[in-house]
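Quick notes on the structure that follows.
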Amino acid sequence: MPTPTPKRIAVTGAAGQICYALLFRIAKGDVYGPDQPVILQLLDLPQAQAAVRGVVMELEDCAFPLLVDTIVTDDPTVAFRDADAAFFVGSRPRSKGMERRDLLSANAEIFRVQGRALNEAAKRDAKVVVVGNPANTNAMILAANAPDFPTENVTSMIRLDHNRALTQLAARAGVAVGDIDRLAVWGNHSPTMFADWTEAVSGGRLLSEIIDDETWYRETLIPDVARRGTAIIEARGASSAASAANAAIDHMHDWIHGSDGKWVSMGVHSTGAHGIPEGLMFGVPVVCKDGSYERVEGLSFNEFQNGMMARTIAELEEEREAVAALLG
Ligand SMILES: NC(=O)C1=CN([C@@H]2O[C@H](COP(=O)(O)OP(=O)(O)OC[C@H]3O[C@@H](n4cnc5c(N)ncnc54)[C@H](O)[C@@H]3O)[C@@H](O)[C@H]2O)C=CC1
Ligand SMILES: O=C([O-])CC(=O)C(=O)O
């Protein structure tokens, strides 16, 4: 069989802690699979170029058979040139005492500049995931500044929250993580996110019936998932990195290869379904198939769900208002 043309994968924030986990897994084949060669196109700031070169030396020392080339640059247009996929990680992380929205002004400008470069340089069918916080609103800024690039292909990461909820639910229900389906995490990657078990099942049974503890769901699961990032910062002194990289890999892998009919949560551009205002970048359940995602639609919400949705919608609308000047 002929060797496939390498896929070009742009990654921003290459000298940072998430990328220290992410790049090695991409090079190993965890995104495109074990038969697909890749080229890494790494972006970071001028002052971080030496550190990126150190990471590249380590990539070389792994002798990954699939890694055919690595480009290192501080120019976003070079990094995004002909990209098939792009991970937007580069931005400031929060530290103790900050909320992710406190990063809005520090990071928003990055996504305006990089949106223009994406517009100019990437393939039109490139798949984009924004990891840098506040991820939903950064992705909205990116898409708004890339008018010739399909908005559908700009997504934000809420998969880490989805994975966090899966583990908590599996442990409480005494089922395997892999047996859970129809879990949704809605809205903003922030304390207002809504980990929703209403439809979630394992082995054909509703998790809400297996666990049978609405108080645990409302007062423990939902807030614990929403506050997990803070708990990690408190414990580690730095924000999550390996688990964030893993979630970014899961997000992109499933988008490319499909989710086997299962629901996964992705931040996507709202089309107005489920009462979510059009244009917000919003965590929703999707099913991935044949290189694209389909939003799960036609769900009806009870009063509790409506209240949770309203809270995270309001926060994203406030964020949109705060960055209105950057939305083109
Ligand atoms: N969506 C999610 O679930 C998660 C998001 N995050 C976010 O991911 C981001 C990165 O986190 P870490 O890797 O831990 O941070 P880090 O500080 O270790 O690395 C960030 C890197 O981005 C680079 N950078 C800054 N501005 C840049 C620009 N304009 N262009 C290219 N590179 C630039 C920095 O030089 C640095 O090398 C943070 O915003 C963090 O809050 C972290 C965990 C989960
Ligand atoms: O909490 C943070 O700042 C990092 C992050 O987004 C997460 O771990 O979910």
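Note: Cβ is positioned from N, Cα and C throughout, glycine not excepted.
What TrEMBL says about a protein is an automatic prediction, not a curated fact.
Not measured: the values here are computed from a predicted model.
Taken from TrEMBL, the feature domain 'Lactate/malate dehydrogenase N-terminal' applies to 8-148. Residue counts for the domain 'Lactate/malate dehydrogenase N-terminal' (8-148) under DSSP, split into helix (H, G, I), strand (E, B) and coil, are 65 helix, 26 strand, 50 coil.
The NAD(+) binding site annotation in TrEMBL covers Gly13, Ala14, Ala15, Gly16, Gln17, Ile18, Cys19, Asn107, Gln114, Val131, Gly132, Asn133. Here the Cβ of Cys19 (NAD(+) binding site) has 26 other Cβ atoms within 10 Å, regardless of which shown protein chain they belong to.
The substrate binding site feature in TrEMBL is assigned to Arg94, Arg100, Asn133, Arg164.
Within the model, the domain 'Lactate/malate dehydrogenase C-terminal' (159-325) carries an average pLDDT of 97. For 159-325, the entry in TrEMBL reads domain 'Lactate/malate dehydrogenase C-terminal'.
The active site, proton acceptor annotation in TrEMBL covers His189. Annotation note: His189 (active site, proton acceptor) sits in a coil segment as assigned by DSSP. Non-local neighbourhood of His189 (active site, proton acceptor): Arg100, Asn133, Pro134, Ala135, Asn136, Ser156, Met157, Ile158, Leu160, Asp161, Gly267, Gly283, each in the same chain, at least six residues away, with C-beta under 8 Å from its C-beta.
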Residues among the recorded positions Gln114, Gly132, Arg164, His189 that border ligand 1 - Cβ under 6 angstroms, in sequence order: Gly132, His189
Residues among the binding-site residues Arg94, Asn133, Arg164 that border ligand 2 - Cβ under 6 angstroms, in sequence order: Arg94, Asn133
Spatial neighbours of Gly13 (NAD(+) binding site) that are distant in sequence (at least 6 apart) but have CB under 8 A: Cys19, Leu43, Asp44, Phe88, Val89, Gly90, Ser91, Gly132
Distance [Cα-Cα, Å, rounded] between Arg164 (substrate binding site) and Gln17 (NAD(+) binding site): 20
Recorded NAD(+) binding residues, Gly13, Ala14, Ala15, Gly16, Gln17, Ile18, Cys19, Asn107, Gln114, Val131, Gly132, Asn133 - maximal Cα separation rounded to whole Å: 20
Site diameter for substrate, Å, by largest Cα distance between Arg94, Arg100, Asn133, Arg164: 19
